[in-house]
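Worksheet: one structure, shown below.
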Amino acid sequence: MSSCMLFFTVIIAGVFMGTIATNYCNLKSCVNYGNIHTMCKYTSSTPASTCSKWEKAGLTDAEKKTIVTLHNQLRRKVAAGKETRGNPGPQPAAATMPDLTWDNELAMVAQRWANQCKYGHDACRNIERFQVGQNVAIRGSTGENLSTVDQMILSWYSEVDLMNKKYVSSFPKDDTYKKIGHYTQIVYGNTKTIGCGRIFYKDGKWNQQYLVCNYGPAGNYPNAPVYQIKQ
């Protein structure tokens with residue numbers, strides 16, 4: 001490994017609203033908005049030609065466990081009223097915030113999108129059961145990419161530093177959400193499941209690691225509470 005390495009991290013949070021039928025290609029909310037579901041648009045389960053020199057795709061069972069465990073540790077911390085950070089903080093305790101469980105369908109759709117190596121959000125990712133939110137992160141290195149999934153998740157969560165506690169009762173509808181959306185999706189009270197995908201690939205001098213996590217039901221609805229505050 002080179003003794004001199006460059007690193008960068010870019011993260012995005014978002015949500016796409018709508019419901020879908022079992023047949024991804026017949027999703028009305030996609031068609032109505034001129035969009036195509038990820039599973040319909042990209043039919044191959046192998047990485048696309050846009051992933052130049054991809055090395056490996058997917059997550060190990062241990063990494064999946066880490067993703068779920070870390071999310072739940074963070075959710076429990078906030079729910080218990082132990083998160084003192086914010087702008088201003090502290091973050092209020094939650095009346096209820098269930099633990100997340102791993103969802104294979106969410107993971108399948110997330111991996112399909114990751115396999116395109118197109119940084120950003122896919123146009124339509126919902127499943128029949130619920131609407132789906134999404135956090136996306138990419139981390140690059142000029143040497144060996146040793147970033148871990150927990151580091152990428154913690155980078156999302158670090159947006160709590162910018163979270164005004166008043167937004168817990170009403171998620172902002174202006175561009176403020178771009179600064180806090182990763183954090184709020186992680187702790188969204190109505191979200192119960194998570195599924196993620198990941199790929200390593202080469203982009204010029206950068207060795208990229210691209211992580212996509214899908215959440216259901218989705219969070220980050222304007223003017224709606226992030227979670228119910230404990231009275």
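Backbone N, Cα and C atoms are what each Cβ position is placed from, and that goes for glycine too.
What Swiss-Prot records for this protein:
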DISULFID  C25-C40  disulfide bond
DISULFID  C30-C124  disulfide bond
DISULFID  C51-C117  disulfide bond
DISULFID  C196-C213  disulfide bond
DOMAIN    68-215  domain 'SCP'
CARBOHYD  N145  N-linked glycosylation site
SIGNAL    1-21  signal peptide
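Taking only the Cα positions, the spacing between the residue listed as 'N-linked glycosylation site' and C40 (disulfide bond) is 31 angstrom.
Looking only at Cα atoms, C117 (disulfide bond) sits nearest to C213 among the disulfide-bonded residues C30, C40, C124, C213. Look at C117 (disulfide bond): DSSP puts it in coil. Across the structure, C30 (disulfide bond) and C40 (disulfide bond) are spaced 11 Å apart at their Cα atoms. Taken residue by residue with DSSP, C25 (disulfide bond) is part of a helix. Of all the disulfide-bonded residues listed here (C51, C124, C196, C213), C124 has the Cα closest to the Cα of C40 (disulfide bond). Between the disulfide-bonded residues C30, C117, C124, C196, C196 has the most other Cβ atoms inside 10 Å of its own Cβ, all protein chains included.
Here the disulfide-bonded residues are C25, C40, C51, C213, and the one ringed by the most other CB atoms within 10 angstroms is C213.
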